[in-house]
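Beneath this line is the structure, given in structure tokens, with notes to follow.
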Amino acid sequence: MLRERFLTGGAEAMPDYELLELILFRALPRQDVKPLARRLLDVFGSFGHVLAAPPARLTEVTGVGEAVVQELKIVEAAAQRLARSRVLQRPVLSSWQALLDYCHTAMAHRPTEQFRVLFLDRKNLLIADEEQARGTVDHVPVYPREVVKRALELDASALILVHNHPSGDPTPSQADIAMTDQIRHAAEALGLVLHDHLVIGKGRELSFRAEGLL
């Protein structure tokens with residue numbers, strides 16, 4: 001049985017459709033959920049994209065009802081909570097891989113652009129992670145003044161900007177570069193440090209700092 005294989009061999013030995021079956025079993029007990037698991041993967045392309053899909057999109061798939069959506073969203077929330085716990089209130093700069101893992105878990109599979117700001121204290125501990133804006137498939141509106149204002153409200157000393165590219169390609173646009181420069185200037189004027197701007201793609205990310213863009 002799938003459950004026994006999962007308990008003895010772990011998820012690494014299971015293909016995506018079988019792991020998805022285990023989740024679907026909870027919503028649809030005593031049903032053959034393999035066809036639905038494969039259908040979801042065909043529609044959304046990957047396990048991560050299935051979990052991140054909006055409820056309205058999920059229910060367009062034949063066989064998906066409220067119970068299935070609920071189970072998928074519980075798993076998505078649990079994965080994000082676990083990844084977040086590995087970076088919250090920890091020195092971010094020395095836990096960089098954990099931070100990247102969290103950003104990929106939270107943002108890599110989203111169908112539209114999302115812009116987040118990670119606020120750090122004087123010891124570079126992550127004190128807040130907030131979504132600042134949501135956009136379309138290729139644009140998200142960001143207001144530098146609001147970002148800096150929020151940093152002051154939180155008594156933050158440094159920032160890390162993060163946004164995703166639903167296309168999967170993390171190459172920054174000219175608008176991304178210009179916006180980052182505006183936030184950097186606004187932050188520096190108030191004594192705040194902009195450590196980096198991460199663009200999250202599918203399976204990889206781009207660091208403005210590493211690319212010499214900061």
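Note that Cβ sites are derived from N, Cα and C of the backbone, with glycine treated the same way.
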### Message
Quick check on the annotation: Swiss-Prot has His163, His165 binding Zn(2+), so which of Asp155, Asp176 does it put in that site too?
### Response
Asp176
## Note on the structure
All chains considered, the count of other Cβ atoms within 10 Å of the Cβ of His165 (Zn(2+) binding site) is 23
### Asp176 (Zn(2+) binding site) in three-state DSSP notation
helix
### Summary
Reduced DSSP state (H/G/I helix, E/B strand, rest coil) at His165 (Zn(2+) binding site) is coil
### Query
What is the pLDDT of the motif 'JAMM motif' (163-176) when averaged and given as a whole number?
90
